[in-house]
Amino acid sequence: MEEVIRFALLGLGLGALYSLAAQGLVLIYRGSGVLNFAHGAIGMVAAFISWDIWVEQGLPWALGLVVGVAVSAGIGALTHLFVMRPLRRASSLARIVATLGVLILLQGLVVLRYGPDIITISSALPTDLIRLGGDITITADRVILVTVAGALTAALWWVYKYTSFGLGTAAVAENQRVAASLGWSPDRIATINWALGSGLAGLAAILIAPIVQLQAATMTNLVIAALAAALVASFRSFPIVFVAAIVIGIAQTEVTRYVATPGIGQSVPFAVIVAVMVLRGKALPTRDFFLQRLPGVGTGRIRPGLVVAGVAAAAALIAVVPPTWQESFAITFGMALVLLSIVVLTGYAGQISLAQYAVAGLGVWIVARLDATQDVPFVLACLIGLALAFPIGMLLALPAVRARGLNLAVATLGLGAAIELIVFNNGTLSGGLLGTDVHEPKILGFSIEPIMHPTRYALFCLALFTVAALAVANVRRGRSGRRMLAVRTNERAAAALGISVSETKTFAFGFSAAVATLGGIAIAYRSDVVIFSEFTNFTSINAVAWTVIGGIGYVFGPIIGATLAPSALGTQIGNSLFGNVTEYIIPIGGLILILLLMQNEDGAAKQNILQFRAIAKKLRRKAEKPAAATALDKPTRIEKVASKTLTVEGVTVRFGGVVALSDLSLTVPPGKIVGLIGPNGAGKTTAIDAITGFVEPATGHLDLDGVDITGLHAAQRARVGVSRSFQSLELFEDMTVLDNLRTASDPRDRLSYVRDMVYPLTPPLPAAVVTAVHEFQLEGDLDRLVSDLPYGRRRLVAIARAVATQPSVLLLDEPAAGLGERESRELARLVRRLADEWGIGVLLVEHDMNFVMAVCDEIVVLDFGRTIAQGTPEVVRADPATIKAYLGSDEVIESEPTRVKETL
Amino acid sequence: MNYHFRRGALALCATTAMGLGLVACGSDEGGGGAANAGLTKDPVKLWVIGDETSQTGLSYSGIPAAIKAAAERVNKEGGIEGHPVEIKTCDLQNLPDQASRCARDALNDKASAALVQASFGTAKIPPVFEQGKTAYLPAFAFDPADLHSDVAFPMAAGVLTQIAGSYIAGLNCQNPVLISVQTPQLDYVKELSAMGFAAAGKPPAKIVAAPLGATDWAPTAAQAVSSKPDCIVPYLSETLMTAFYPALQQTGWKNDSNKLAGYQGGVYTQKILEKFPDLLEGMVAVDMSYPFNDPKWNKFNETMDPINKEKLTNFTSSFTKGSYLNFLAFVDVARRVAKSGQPVNNESVLAMFNKTSDVQTDGLLAPVDTSTPWSVEDFPRMFNRSLVFETFKDGKLTALENGKFNDLSDKIAQASAQ
């Protein structure tokens, strides 16, 4: 027991360190909505400067402390002003990657200035041993650290709860626009919080350095434990951060003491992260940004001539260059494969992963161990490795199903660290000091051993990349690609169309793991010894950076990005031109990343493609004919949908103690339009969410033609015929209108995940979709990006997309919002036709009373979640309760609107 | 903003590129200049593959600079029978890809031989040199690849010092604890230490392995002293020792005379001894050669002093000493080749190594027989098996038994066979 207490006290000290680091992270997040992955690196700069002043220059420690903290605060403020503020409208991915760029740049600069070696610093705090009884001891510096961490926590809590600055921070965190209108400057608030948070990082690092030693990479690695503590506190509560950090520190120390397996103790923060994901299962609270966009995505179209020419040119180059250049080609193609996996996972599916290099290492671990321990021939080992990489990748998707965005980035960062610690650094699993001895790789008896045959090996890597790139491009053009893009853009909308978000994410993780494994094989088999510890977490972070530089949505992008990897083509060219540039390549890469993100977050590939097209156009003798617009023949008749009646019985929805919807009952028969009206906050959208599976009712029952659908999730309800549109449209903005419709109408078969890699099918659009295109007059907009359309057209696309799923019941949430009178009338006619000619049952939520009265067969009126009236438009119009609650007075609708049905 | 931003970004990038060119443009050659005046024969190329820069951490830096300085001294003294020694360096940068690349570059340059520092990924080097039939001399001789390759000729006793550290602990301690790190080499360390204890007729000792990565060493130190050991044997690098020892001091554990054993005297550099004199007082350690302050190292120290002051590099580390001993061995063998009238190239140097039974290293090692691999299956290329025991007393590292070279071959061979 004494030993347990003794180690718990040691963990207390460690936890205090984590707390200091985590508080700064929370500060910055609360103040600006940014998860700062460079937090540890900023602190590290402060620690080095402090050491330089105190030890190297011989000046007082306090001066070093003050200067160090001031410098880190300054770096934080500058980072916000010159990096994050210009990116405030960029995607969350871009903002995360920008902080990674700052991390890479700072770490690289510190190494250039101070070297990469570990520096041991004596503690400026007293280290006297304090005996608490028996053999239980603690040193004075740990007690001071815990006290400082606790005091800081209390101070932060007080400042952010009771001062106007704290209130301003909370206001900006809730709603920037509103806060700005009340006189708060979001930029100033954010800058101050960045400065304060980064100053805290500096303080933490200076105090931590004597305990964990000073090295450029150290503080960066500490951020994982700090992230875990911050995550437990939802990036909000300072006291919970403190407690969580202490618990993590104690748990880590105790586990390390009693569990001998290497890496388990250090993986405690990762375990905490996963536990939080599983238990909470929803994203971090998102900030109200004015506009968010995603990086551009390529079309995946393959030009066979270009591919053949490119591969031939690369092969010819490989054949003639010296062996060191051939090795650079092999490294470039190997790393390009890893980056290609990030294109799939992050570019297409929108899942941020900071563990892809570790995943590649895991894949090659399977291959190499089969090769070395079971003498499995190279090709067979690779095939088995690929086959197993898929399910392993799918397993890794489990946290992703319940997490997204920043949450997922944190989880994957921890995952990569855990894989490195538990597998790669475990001699028993990895083959020990020497790594794993593998056999000479052969393909059909033909040796491709890289030392004896560097040309063949480089060509092998080129072939691997070519095949993988073609497969990825095929997937992009196929159903699985459209599903991934839909999930990336808008998970809710994807689910509303019947796309299983979890299935799509799982596929993305599995496929990307397989592609990454190919990269791992290409990288690792360049030697007859596979050293797994080279698959480091830091390289995973760099891999994301390189992919963004190249173009995270483009198949061609990884080739560009991979040239920046150490010993790849970029280094080789740089060394040839300038001498030894390798030590500069990392900080240069960080700088390029930041600059590129600020100018063009789509990466170099898109720019190259546009430039190439411009050049090709100029070189051609004839003027380039515009590509023919997509043409759809109008069907001769309209096919009715499957007739199903939606019955809602006694549905009640509660949010905490608030009853948002109480005992709602209604029926939507085929071919009828039921209106759902009520004042703002009456529960209309909640009703639609409950019917379509986006919120879970506390009580009640839903059935579709007698089949109970209460237990089905959103995508399943869409598949059985209940579809919806959204009040905020929620279109797939960076897809064309045609792709939006295809995504909605694609069959949901699982075979397409496999088939698309080889031969993506593009079946003709169903007749119902073609009809919807003509009905909504979208023929001329099919090839246009949704984001380029005017608002009224986008509304029509949203409804057409919902119709494209061929629903039996369609729920429309304020379809006429923002439309002019003429457009509203046209829309009303269209909705009526959907019911009368297609047989769709429609539940319509609208504020436009004329629209509702003109088009609905029956109306249900809600007020404060309760049904206060139900009946035909005439009955509802005259109902006193409705008039009072909804119209606000004894006012009645003066004239009866012309019924749409009568005019058709 | 875009237009101005682009201009600014372009300017920044152009400046960076110019700076790169100015800073990075530099020769990687050495061992030439005025020192070569009068040496008219063809230069003998020796490649030195070691860490000079890195973004990810260095084992030891400064070895290329040290060997260049040593080569300049040799050239001043007449070179290798009139042939100047030309040093070419390749920066490992602690990257595994660099290791094989450097080896290939050395072969392409027709190096007579290469000195290789142990670093991340240097296990990728032997196959390249085997293909090119070129001798290489690893600085430390710990890696199994270096201990089995037919073209490896390490002068350092490397792995033997690790085994001998446990041997000493086995002889003198009742309850020793070994300290290591949770890395892929941990199992290997366990095997070596078990061999040492077996040579002393004792069972393997408890090993406490710290988590990988710079971390809080207090729990490791607490775990180490929890079983109340009478000896602590750190299997740690110099850097990790400077992290572990303060934590050990904070536990209140006291080192009585002879209670701290070191596996490798070269790790106990000047820096360590100056930092922890009280803790290390009475420590017994094993080294492959004399303590760094022994007069026999004067020539080396005089050669390194100017660079030491300039680069603030620690030249008392075992890697640097090992590399220097390798350099002396290469010079000795190359001289033999030159005296025999053959051209000094990779083939002749390799052949001479394979038939020389008394390679000389200015008396810093016992004469080394590189013609006969050792009979112990695990370490056939461990040619130098003579060790020096030393102790730290009254602030000074002193060789025991007047610096006698102890050959533990038989004891270790016996233990290895068990």
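Note: Cβ is positioned from N, Cα and C throughout, glycine not excepted.
Summarising the annotation, TrEMBL assigns transmembrane segment to A:37-55, A:62-84, A:96-115, A:192-212, A:263-281, A:302-322, A:328-347, A:378-398, A:405-424, A:457-475, A:545-565, A:577-598 (among others). Residues or ranges marked as domain 'ABC transporter' in TrEMBL: A:646-889.
Through the fold, the transmembrane segment (A:405-424) approaches residues 35, 37, 92, 96, 221, 224, 227-228, 231, 261-264, 266-267, 269-270, 273-274, 277, 283-284, 286, 351-355, 357-359, 361-362, 365, 396, 399, 430, 532-533, 535-537, 540-541 of its own chain, all at least 6 residues removed from its boundaries and within a Cβ separation under 8 Å.
Stretch with the most C-beta contacts under 8 angstroms to the transmembrane segment (A:37-55), considering only A:96-115, A:263-281, A:328-347, A:457-475: A:96-115.
For the transmembrane segment (A:263-281), the list of distant contacts is 224-225, 227-229, 231-232, 244, 248, 251-253, 255-257, 399, 402-403, 407, 410-411, 414-415, 417-418, 420-423, 425-426: same-chain residues at least six beyond its ends, Cβ to Cβ under 8 Å.
In this chain, the transmembrane segment (A:328-347) touches the transmembrane segment (A:545-565); three or more CB pairs sit within less than 8 A of each other, excluding pairs fewer than 6 residues apart. Counting only same-chain residues 6+ beyond the ends of the transmembrane segment (A:378-398), those with a CB under 8 A from a CB of the stretch are 355, 359, 362-364, 366-368, 370-371, 415, 439, 441-444, 502, 505-514, 516-518, 521, 525. Highest Cβ pair count under 8 Å relative to the transmembrane segment (A:96-115), across stretches A:62-84, A:192-212, A:457-475: A:62-84.
Mean model confidence for the domain 'ABC transporter' (A:646-889) is a pLDDT of 88.
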